[in-house]
Structure formats: structure tokens, C-alpha cells
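> So that we are looking at the same thing, I have put the structure below in C-alpha cells.
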Amino acid sequence: MSRVLSRRDIADRIAKGQTIVIYEDSVLNLDKWIKFHPGGDKSIYHMIGRDATDEMNAYHDDQTITKFKIWKIGRIDYPWENMLPPIQGGRFSKIDERDDIGDYDINLTSKWRSVDESNQYTKIPKNDRLASEAEVKIYPKIPQGVVPSLDLKEAYEKKIVVDPAIVSENYDNERVYEDLTNFPSLDVKNQEWIASEYRKLHGEITAAGLYQCNYVRYLKEFLRIGTLFGISFYLLSLKWFAISAICLGFAWQQLVFIAHDAGHISITHNYQVDNIIGMTVASWIGGLSLGWWKRNHNVHHLVTNDPVHDPDIQHLPFFAVSTRLFHNVYSTYYDKFLWFDKFAQKVVPIQHYLYYPILCFGRFNLYRLSWMHVLLGQGPRRGKAAWFRYYELAGLSFFNYWFFYLIIYKQMPTNAERFKYVMISHIATMIVHVQITLSHFAMSTSDLGVTESFPMRQLRTSMDVDCPRWLDFFHGGLQFQVIHHLFPRLPRHNLRDAQSLVIKFCDKVGIKYSIYGFAAGNDVVISHLQQIAQQAHTMLECAKTMKKEATDTEFHTNKHVLAANVNEKRKQE
């Protein structure tokens, strides 16, 4: 039997740079595995010091789950309270550095974070960084070791947690307070009960056979997409360029859903087979990197809608879905600052008007990100996923050959026609960007601390779209993002069957299940973007007024000093 590791022992190991994760009652050291992890290193870093049982079970199949305990170095025989991972700003010390601190207090702070700390960025020397720690200190919204409750409202008002003199901080604090009011208590025991009910739900989903893929439905999907490509190429041969481009764009839009399913290993449930399917349709036919998307998407699923950590809502300088993004946050995904610069200060206050126009150009940005991922080798370089990079590099090259050379260059008679075909086909894919952002842009972006359970976070930050069954193909499973976030490997065509079970679960644990019609959901997103835009406008106007007042004060002060000097000089004369 492995030895029991105390909370102090575990914190000491993390302080020494070890990648320690809790799975059930096992303590895992993933140092040797993290370089081979097909899902990337960032997703593991966000689980350091945490009980990742629900996350690990949700994202892996049974065969993979049986291998987890290879990395077991000990166990716990006591209820685990999550620590704040270093990548999120957690602070840890070695045993010989702080012997006076007991096991229970190791991850607690003795005081609230000060106002000054929240706006400081201190560079951490490379040799002093823990596993995953950013090059600058990250200050979480909820201080390390604090369990958020409604009592925090008083702390906000007394300026203990953050400085509410900043207009945008007041707004964000109110959003946190709303979440604390509208969602179940973040008490450790209550969140553990929610997690236990979620595990029962997962058992019901499995027992109902909902992990079994319906391949007939996928055959229909491929026939539908193949028909769109066929119509597009036929119209191209007739020189009906505009309609051909629209059909091609619609085919790409539908193809994204196949890649999404394959990336989650939810088609055949075989890692290599599903990735080959996903990479083929994404890079060879669509010109996009599945590897880039998976690296991004895995983190998104774990820290959904966190402005500091989730790349899916980090769209400055074009969009801000949280006022926290007004303060030049350091992205732990991109490892750089997201500057709220002059350009962002012009665009964000009108983002609700620019939302749809900007999404029309979304695919061009995905090309850039895909090539960066492949050329810079940002994906796995070891293990069973290492060869994916070269397959995708060949795929992206082939896409540029067949689309930009064979179709755009060879088939279009003029540069004007080439430009129109490219723009029309890419603008036609805009709808998928609307579908992607619809699920999260209007939802909570609050940081509620490390006690929040996996299921509550997913339900709090995601929304579903209500549509008739016959229209499911159009949304490609993205209309069930709540269910998908709870059970990422569930085949797309079974999500609707799981919906009733999820609704019962939500009713039992007291968590709101958010669902809107497509039009209503878009209205909610635009309304939220407008609210954030108004906050940006107000903050910038306040800054402008303060600057003017400071200038006026300086002017009057200088005038009085000058007058006094003149009078003094006259007296001397």
C-alpha cells in the first residue's frame, strides 16, 4: 500500500516544481508524462494541486483511465481541498522554508490581496518559476485560500479585495456578486455533493448507451457535405462563381463540426483513427490545424470563460467580454500581455456594432494561428501524437495548392474575381463563428475560486440553443454546448438524448440550465457586448476627465506660481 502524503508534503513537492495532480484518492506526479500528453501541457498545468477526477474522467476513455495510476506516488485518506495552481497565481513554499505552517494552512493567505498588488506585474526569474508558472506574477480575482461567499460583497465595498475606484472593477465585482447569489454555495461540502451527483449522472449517461456512436448519422453528414462540395465545383465549372463560393463556404462550415467531433475522440473513440479523420477534414480540406484547435480547446474546456486563462474569450483588441480585460491582463495561454491599447480603446466601445462584420474575417485569423502552430511546433513533440505535426503540414500545403492555386489562380479569369471568390467563400463561414461564440460570450466570466466544482463551472459559463430536431445538422452539436462541456466525448448525435437527464440533474442540484432560441441567444450576446462597451466608454471618459482636471490644476498652480514670482520681482524693484 502506498504511503499517505499530507497536504504539506504535496505542497512541498509543488514548490519543488513537480507536476502534482489528485485523482480519486491517488497523488499523481506527471513530470515524466507531461511532455507526451497529447492534450498539451497547459491543460495539465491548470490541474496542479487540484482534484482533477471529474475532468480526467470526462476527457479520457476507459482504457486511458486505467493507466492514470502508473504515475501514482502516494495517496490521500482525507477530504481534499483544492490548491490554486501556480499557473493561476498559486504560491507554494518548501517545507524547510516555512516549517511553522501547518498542513491545513499551507495554501491559505493570512490577509486579503491588497489594492496595490492587483495592478502590479513583477517578473519572476526563470530559475525561480514553478512548473507552469508564468514569467510574471498572476494575481487571481479570488485570493488564494479564500472560499467566495455573499460576505465578499462587503469586502468589495470596503476595497479589501480590489480597488472599486476603477469603474470597470465595480462592474466586475457586481457580476461576481450576482453569481454568488444565483448559484449554489461554494462551500467545499456543497460542491463535493454537486460533483458526486454529476458522477451519478455520468453513470446514467453511460448506462443508457449514449457513448455509442451512430455511424448512419455520420454517413448522412458526409453525404450532405460531399453534396455541397460537388455543387460548388459544378457551379465553378459553369463560371457561377458567387454561388459556387457560397456553397464552398457552407461545406467548410459543416466540415468544422466533423473536425470538432474527431478532436474530442467521439466518433470511433480510437485516438489515432479519430485524429486522422479530424486532421484530414480540417487541414487537407479546410486549411486549418486540428492540433492548434485541440491545444486551444482543451484549455478552454478546463478554465471556461476565465479572462486570464481561457483563449476562447481573449480577442483583444477587437472584443472584450469582461471588464477585467481592460487592465492589460497577462494571458497564461499565449504567455503574453493582452494590451488594452489605443486601438482596443477605439474598437471595444463599439464592439456590439462590429461583432458580425469582424466575424466575417474569422477564418483568415484561423489560417494564421494554424500555420503558427505547425511551423513553431507548438503541439506534442513526443509520444503518439508527435507525427501529427507533419501530417498537418502536408495537409495545409495541399489545401493551399488545391484552393489558392487550382481554384483561385487557375479558374478565376481576373484578380477581381479571385478576390470576390475568396471573400464570399470565407464570409459564408461566418455563421460557424457566431455559433461558437454564442455559447459563451454572454455567460459568466467570474473567477469563483478553486472550490467550484467542474459541473457547476461548466453550467455557469455555457448556454444551449433551442432548435427543432430537424435543424440539428445546421448547428452541428454546438447547440448543446452545456451538455458537451459536461461530457466532451459524447457523440454529437446523442447530445439531444442526454438533454433531459442533464435538466433533471440541474433541477436537483439547483443550478440554472441556460438555453435560448438562436435569435434570442444572439440578442443576449449583443446586449452583453453592449454592456461591456458601455463600461469601456465610461472608464475612458473618466480617465479623460481626470487627465483634464489634472492638467487644469497644474495650469492654475503654475499660473499662481508665475504671478507670485512676478509680484516678488516687482517688490524687489
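Here the Cβ of each residue, glycine as well, is placed from N, Cα and C on the backbone.
Straight out of Swiss-Prot:
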BINDING   His37, His60  heme binding site
DOMAIN    2-77  domain 'Cytochrome b5 heme-binding'
MOTIF     260-264  motif 'Histidine box-1'
MOTIF     297-301  motif 'Histidine box-2'
MOTIF     481-485  motif 'Histidine box-3'
TRANSMEM  228-248  transmembrane segment
TRANSMEM  273-293  transmembrane segment
TRANSMEM  353-372  transmembrane segment
TRANSMEM  393-413  transmembrane segment
TRANSMEM  422-442  transmembrane segment
> For His37 (heme binding site), what is the tally of other C-beta atoms lying within 10 angstroms of its C-beta?
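The answer is 18.
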> Check the DSSP secondary structure of His60 (heme binding site), expressed as helix, strand or coil.
coil
> Which range out of 228-248, 273-293, 353-372, 422-442 gives the transmembrane segment (393-413) the most CB pairs under 8 Å?
273-293
> Averaging the per-residue pLDDT over the motif 'Histidine box-3' (481-485), what integer do you get?
96
> Report, as numbers and ranges, every residue of the chain located at least six residues beyond the transmembrane segment (228-248) whose Cβ falls under 8 Å of a Cβ in that stretch; write 'none' if there are none.
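Non-local partners: 254, 407, 411-412, 417, 420-422, 424-425, 428.
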> What parts of the chain pack near the transmembrane segment (353-372), using Cβ distances under 8 Å and only residues at least 6 beyond its ends?
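Cβ under 8 Å, 6 or more out: 252, 283, 287-289, 292, 296, 318-319, 347, 378, 392, 396, 426-427, 429-430, 433-434, 437, 525-526, 529.
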> Let's see if you can do this one: DSSP helix, strand and coil counts over the motif 'Histidine box-2' (297-301), in that order.
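Helix, strand and coil residues of the motif 'Histidine box-2' (297-301) number 5 helix, 0 strand, 0 coil.
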> Looking only at residues six or more beyond either end of the transmembrane segment (422-442), which have a C-beta under 8 A from one in the stretch?
242, 245-246, 248-250, 252-253, 256, 304-305, 312-313, 319, 321, 356, 359-364, 408, 461-465, 475-476, 478-479, 481, 518, 521-522, 524-525, 527-529
> Tell me the Cβ neighbour count for His60 (heme binding site), meaning other Cβ atoms within 10 Å of its Cβ, over all protein chains shown.
18
> Helix, strand, coil: count each for the residues of the motif 'Histidine box-1' (260-264), based on DSSP.
4 helix, 0 strand, 1 coil
